[in-house]
Amino acid sequence: MNQELTTNPFNPVAPVKTFDEIKVSLASPERILSWSFGEIKKPETINYRTFKPERDGLFCARIFGPIKDYECLCGKYKRMKYRGVICEKCGVEVTLQKVRRERMGHIELAAPVAHIWFLKSLPSRIGTMLDMTLRDLERILYFENYVVIEPGLTDLTYGQLMTEEEFLDAQDAYGMDAFTANIGAEAIREMLAAIDLETEAEQLRADLAEATGELKPKKIIKRLKLVENFLESGNRPEWMVLTVVPVIPPELRPLVPLDGGRFATSDLNDLYRRVINRNNRLKRLIELRAPDIIIRNEKRMLQESVDALFDNGRRGRVITGANKRPLKSLSDMLKGKQGRFRQNLLGKRVDFSGRSVIVTGPELKLHQCGLPKKMALELFKPFIYSRLEAKGLSSTVKQAKKLVEKERPEVWDILDEVIREHPVMLNRAPTLHRLGIQAFEPVLIEGKAIQLHPLVCSAFNADFDGDQMAVHVPLSLEAQLEARVLMMSTNNVLSPANGAPIIVPSQDMILGLYYITLEREGLPGQGMIFGSPEEVEHALTAGTVHLHSKIQARVKQIDDEGNEIYKRYETTPGRVRLGALLPLNAKAPFELVNRLLRKKEVQQVIDTVYRYCGQKESVIFCDQIMTLGFREAFKAGISFGKDDMLIPDTKWDIVEGVRDQVKEFEQQYMDGLITQGEKYNKVVDAWSKCSDEVASEMMDEISRDRFDPDTKEQMEPNSVYMMAHSGARGSPAQMKQLGGMRGLMAKPSGEIIETPIISNFKEGLTVLEYFNSTHGARKGLADTALKTANSGYLTRRLVDVAQDCIVRLNDCGTENAITAEAAVNDGEVVASLGERVLGRVAAEDVVDPASGEVIVAKGELIDERKADLIEQSSIQSMRMRSPLTCEADEGVCAQCYGRDLARGTKVNVGEAVGIIAAQSIGEPGTQLTMRTFHIGGIAQGGQQSFQEAGQEGKIAFRNANLLENTSGEKIVMGRNMQLLIVDGEGAERASFKLGYGTKVHVAEGDKVGRGDKLFEWDPYTLPIIAEKSGVVRFADLVSGISVREETDDATGMTQKIVSDWRAAPKGSDLKPEVLIADPETGEPVRNDAGNPVTYPMSVDAILSIEDGMPISAGDVVARIPREGAKTKDITGGLPRVAELFEARRPKDHAIIAEIDGYVRFGRDYKNKRRISIEPSDETMEPVEYMVPKGKHIPVAEGDFVQKGDYIMDGNPAPHDILRIMGIEALADYLINEVQDVYRLQGVKINDKHIEVIVRQMLQKWEILDSGETTLLKGEHVDKLQFEAVNEKAIAEGRRPAQGEPILLGITKASLQTRSFISAASFQETTKVLTEASTMGKRDKLIGLKENVIVGRLIPAGTGGATQQMRRIAQERDQKVIEQRQAEAEEAAALAAPMAEDVFEDGGDMADISMPESRD
């Protein structure tokens, strides 16, 4: 596994022993001394005159080893032959200078010192161990207070703090020897040493059994955990206080002479020097028997200097160097982006690499890249030298060097030989997904720029405006093989994020392909008939027919049996030309290209060719259509001038119409019919509709077919329209700004400015409009910079949480599965069932409901054909395997994961699916963040206020609850009513959720056609509607306390608005509500359940009625305003994704009913309302919720709610979904929410990537009841550990622990991974390492990150295979060894009765010690 070091003849190194895990624990003073090669007594470093290290100083050669190889300091012994001799004059061992990198020293401290990590890294381990607060500890350590260690017979208590006076008084009162108290780290050390861990643990367990209340058990559990960790790991508590400080090897803290007699030195030397100085001074003071107070001060300073050495700035002032810069301590060396982990272990500089600017290389093949000769010569130097030597052109490396420097002709020939078939890797930063590094075969070119194939640009996200790329050379044969097989650009046609081709033409190529497939009326040669593509080419060359003429041609095709046939097609010469490039295949017929090809269609063509004709064919095809696209675009000469931007004639009419509308809204507002917020919303809506209308007029005009009046030929479409329509460049949104109207702008805060920009760029903006537009433009640019960073950080967290998710086995054999159904958003299907199950494994047989035949068998991978069958049948949902439910112990299994999207086949064992998932989710984040500003902050989207039918069918209601008001409108009164459109067979075609207060325009059983209005709602306010008729009575709606009257300055109208009554002094116990009374009796009207009809009011509700007014059922009692329209773009999107993956509880989150039952309102508590649910099932306990007063509660007393219903609106907290509705519901919620954000941007990501991340978030279980196990209540443990402990408990007949799965955010989950190395390299390094060392954690080196850090092959891909072979070999060896041992024992037993003395050393067994295999 570890690459064995090559043995140097001068320095035969023993091969590195392979290891399986790394354990970290506390170092005892004896351990530190055993590492050390000597004590450092002096603070001197080197003699500034002779530059030789001072003896016993920080660079002492006697302790750390010689400065020059095989030479002692005084020069008495030189050369190899004295190896291992210790010079009697200077005491230096004659050996390699390299040992100065590995030999450590130590400093004997004159007084113990607390280790700052265990003191200050929260929670303080020393504090927990002693059950003292951090403040008290610091008082003792920094010599402010004494602490009682042994109270004796006095009435003092153990651990009591005393000031100096109190201490002296106590000594007077009780006598000197009656009790022991001490101060400083010595006191702490004594207390820690006195702890007997086993009795302490027993005592704590006993306490825990008796403890009651909330806080006490928590505290005990914390201590118990720590004590048990110490017991298990074999650490002693007193080792957290240092008596010996280790000194790291001098070469790791070098001192470099600069010119001019100055020195550059590592900060550590300064920090060590301070420690040594203070330590020596303290020793001297103790010898001199100095007064206590001086010694104490010196001890405090020693403590501070050791603190600074370990973690500068953690406590007290930061210690600065000569130039006022804080010194870098040992902790700083590890932490952060510049620390050891991220700078040197996870990211390294690479030998044999170069970088240069990229230019386009359209004449390259897909697997090639152009490499400048200069670069190639430099990169392949060693290969050239060896080849020169082999050919006998040079006898030494020096000669070869000269030849290469002179660039002799034979060198170039050799370079060509060397480079042939030797792939190189190209990388463009930022490498956001694995396609950011691909392998190509180099082609030598003149010049200094790297040439890149145009088709791979979209994978690298590269353009040629000055981008740079790096070249890396794979050296070993294995590396070249992997580069060719796995990383070659031709092997990465499909994107791992969604399985669609990523090698797609873009921009000019698309424009060319669009142009060549155009079809126009009345061109020369229309109606001609051709017998073969060759004839068409002749006619084109002769000019008798135009590229776009409508003709008939005969094209060679292949039928399903594989025979060649000729078929006639109505087509154009251009399409025939394109069709000639298609590989002959029944599944790729000419119809594929016999249409107008836009970007989407081209992608589909490539996809089809790849799926059915194989990789080789499709790569050749891609290269050919690239060449064709470029050539045709160049020949078409499409370009545009300013007159190609058409401004519709109707623009000003539309604008005038909307202006009148807006005036009317202003007037309504003045008359007080609508509120300020409503006016704003209506105005914004009107303008955004106007803007869309102008844009669509413009698009209609620009896309209209035009005919030449003289020749009656159809003219070419408008150039701008062709570019946008084909998907080459530009978009309708940009065309709208150039030729329509610029539209509404958003302020930096995200609100929309009411006045739109009516001009477009062609007309030019007025000064005021220009000023308004600067808002959005600036926001766009600022956002871009910020979001790039945020998105990168999101990707980093995702990679960290998912890095150890690898496909480890073929099938875990689980019966669990999740249900897949089509994704519906706002009633339209955004992802069909077929799309969602494609590439998954069915968990049970899928049966066609019509015919009853099995479409997909259980355990079968669903490919495109099967997915199409599922689509055609009327199946609504099916069960499929998912990474979420996979039961593999480590990683996931291939069956649960399904298809490897980038290859189109079942995923291979060893694929790092976690990292691919993280990249697939993170990469578009950055893409999108870089793209917001192209629209320049234009406000998008007015509010939708009605829903039209998307297809024909019959109406059906679910959970119907309708009320008809006086004007005959049907109003929804229920919370979870759905409207369905069903087709003739009764299969559901669309479904809509109807919110409370929606007006429904259709009745059950109605037939509807496309575009019929189904229902409408008020998008800006949430109404409260009377369910019975009667007279209004106000309760607790006191003017000035719970109601404020707002007079609008503009209109003079007043409105009654419910204000926040809790803030008022007298309002604490009010319950503002509106009652409906019977006009005859004055009694409150009762509803069907028999409860009085009351409407509790929430803050900011606007009352629509007066006290004492008559009201009829269906009228509005009050309106609650919703937030205004905010603009939607991924700025809202990226934080939303991060929020979902971090599993944060949203502010004002929804409250979800945990059980089925009836709603009851309990007694109010301070400013919360108490809602309880009485279960319909008698055996269960009622559940209570507290809701802040003044929040609108959609349920009423006596309503029946089902488990999972919302009792309070808002975004649900994912933890609640998991707890109440289970893992599958949580997965559905997270997948849909994340997908919604990406869909808004038109980014496709496969669901399984999100599932893999969610799986990683669900690894831990929280213990609810510890049973009779060692697990503690409230502890988070791994699912595996939880199950193992319980199995053991059950086997021994004890009560198992109870637990439930919990959801951890990705940051939390990364910090709680099994591997402490991985967690430490992610964030909070000191905290992670402190915890790991007290627990004596073992890192099993399972994930990728920890293996990269310790410098091994990663256990994925080819590295995983080697690891498996090693494991098998070990198991075999083990068997052989056991067999031999058994045989030897038998032989020994036969040979001699005294087996002991025969087998003293284990015979020949002793030399075959295998490292423990890891099961």
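The backbone N, Cα and C atoms fix where each Cβ goes, and this holds for glycine too.
From a predicted model like this one, the values you see are computed outputs, not experimental measurements.
The secondary structure of C90 (Zn(2+) 1 binding site), as reduced to three states from DSSP, is coil rather than helix or strand. Neighbour density for C90 (Zn(2+) 1 binding site): within 10 A of its CB lie 17 other CB atoms from the protein chains shown. If you look up Swiss-Prot, you'll see C72, C74, C87, C90 marked as Zn(2+) 1 binding site, on the strength of sequence analysis.
A simple way to gauge crowding: the CB of D465 (Mg(2+) binding site) has 5 other CB atoms within 10 angstroms, across all the protein chains here. Here Swiss-Prot flags D463, D465, D467 as Mg(2+) binding site.
Under the three-state DSSP scheme, C893 (Zn(2+) 2 binding site) falls in the strand class. Among the features that Swiss-Prot reports, Zn(2+) 2 binding site is placed at C812, C886, C893, C896.
Residues within less than 8 Å, Cβ to Cβ, of D467 (Mg(2+) binding site) and separated from it by at least 6 positions along the same chain comprise V357, I358, R428. Spatially close to D463 (Mg(2+) binding site) yet at least six residues away along the chain are C457, judged by Cβ distances under 8 angstroms.
Among the binding-site residues C74, C812, C896, the residue whose Cβ has the fewest other Cβ atoms within 10 Å is C74. For C87 (Zn(2+) 1 binding site) paired with C893 (Zn(2+) 2 binding site), the C-alpha to C-alpha distance reads 62 Å. Here the candidates are the binding-site residues C72, C74, C90. The one whose C-alpha lies nearest to that of C896 (Zn(2+) 2 binding site) is C72.
Long-range Cβ neighbours of C72 (Zn(2+) 1 binding site) (same chain, at least 6 residues apart, Cβ-Cβ under 8 Å): A61, P66, K78, V85, C87, K89, C90, V92, E93, V94. D465 (Mg(2+) binding site) and C893 (Zn(2+) 2 binding site) have their C-alpha atoms 44 Å apart, to the nearest angstrom. Local packing around the Cβ, expressed as the count of other Cβ atoms within 10 angstroms, is greatest for C886 among the binding-site residues C87, C886, C893.
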